[in-house]
Amino acid sequence: MPSPSKPSTKTAPKALDAPKAPKAPKAPKALDVPKAPDAPDTRSVAAVARCHWCGEIPEYQHYHDHEWGFPVDDDRRLFEKICLEGFQSGLSWITILRKREAFRRAFVNFDARKVARFDERDIERLLADAGIVRHRGKIEAAINNAQRLLELLETENSLAAFLWRFEPDPKTRPTKLTRELLSTMATSPESIAMSKELKKRGWKFVGPTTMYALMQAMGLVNDHQDGCDARTRALAARKAFKVPT
């Protein structure tokens, strides 16, 4: 609206003669105002508590949530785990995890009877495969261990039955599993005994530390730390698990 001016000496036109000011447009009703799209509501999605070693790596998180620490009784999977733990020696586990599918293709899905028949041509093929860890000693160890597994099955019902005999007594396990404690648990009396027995049978790359990693991976021990969501699920899976004999 214009600011007020001084009074004029002229006769002001009648109010009826004054032109009407245009009506101001009505403000739109609240319902007419387009609503911004709702932001995703993340408040109902609880954060997953995991062991510290997962970090933010998706492959680690999936492996941790669905495999690590859960009981396994399938011989093919167990042979795969032994081989991959051996290949991991001196490397990070994420390196092996990211190459696992390539390992499965290269080692015919870890069918021990087929791997046991690998010859020098297969070794050369594997040494040329950039998808796996190209370490002759570890490749030869995997082939050797397949052969030793077939020998073991001549006297044992299964590889699973053999390995599960090394499950620790729950009373000997720590009552609290903190990050600090877990960082010191690289071997155990059971992993030492398992390693000794396998070495006596001719297996390779099966040291006590490697065997403890196997025990963690196959659920012989539940090393999910306190507060980890997977710990409770792994405990329930172990309770429902029937130990092979």
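Quick reminder: no glycine exception, Cβ is built from N, Cα and C everywhere.
The region 'Disordered' annotation in TrEMBL covers 1-40. Sequence annotations record features per position, and here TrEMBL assigns compositional bias 'Low complexity' to 1-21, 27-36. Annotated Zn(2+) binding site per TrEMBL: C51, H64, H224, C228, in sequence order.
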**Study point:** Check: same-chain CB within 8 A of Zn(2+) site center, minus C51, H64, H224, C228
**Key:** R50, W53, C54, W68, G69, D223, Q225, D229, A230, R231
Exercise for review: Restricting to the same chain and to sequence separations of six or more, state which residues have a Cβ under 8 Å from that of C51 (Zn(2+) binding site).
Suggested key: H64, R179, L182, H224, Q225, C228, A230
Practice item. Identify, among the binding-site residues H64, H224, the residue whose Cβ has the fewest other Cβ atoms within 10 Å in this structure. Key: H64
Exercise for review: Measure the Cβ-based neighbour count of C228 (Zn(2+) binding site), defined as the other Cβ atoms within 10 Å of its Cβ.
Suggested key: 22
Study note, to complete from the structure: H64 (Zn(2+) binding site), DSSP three-state class -> helix
